[in-house]
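So the structure is just underneath, and the comments pick up after that.
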């Protein structure tokens, strides 16, 4: 009973809240499938069915100053996942075109493409090394890459019969990863 009362009170307070902020950011030409804040929260990246990766400066977007920066290299199909590195120097994007693209945040230029066998539904940057990332693919594999290698080769960490939908490094112990798929769960 106390949980129901707490939920009801919370919903009533939320309805009455005057200090919540809402702003529609319109720049994509289709459905937006992925959004991600930078570590400090001053940057936002978005991607979707229009195959473009857009970088938003949050303060400018809130006050309608300027437009988002469009990364120079587009995907050839829908984008499903995004990430920033800790230094806010790179944006990682993955999607239905069977690849992860690494973008230079400052110039918008392509740094690297990491090919996959099937769509990429999730990616995560190692919290202790911006050069190491994990990807979750529709081919049922969790792959680890070190992009410091001249030609990064994937290390297959896990393989299932069904596709993975997500992968996340533990924030303080990056030797641990969590993954999810439709049949096997977490």
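Cβ coordinates come from backbone N, Cα and C, glycine included.
What TrEMBL says about a protein is an automatic prediction, not a curated fact.
Annotated features in TrEMBL:
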type	residues	note
REPEAT	25-56	repeat 'WD'
REPEAT	72-113	repeat 'WD'
REPEAT	113-148	repeat 'WD'
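Over the repeat 'WD' (72-113) the predicted model carries a mean pLDDT of 96. Residue counts for the repeat 'WD' (25-56) under DSSP, helix first, then strand, then coil, are 0 helix, 16 strand, 16 coil.
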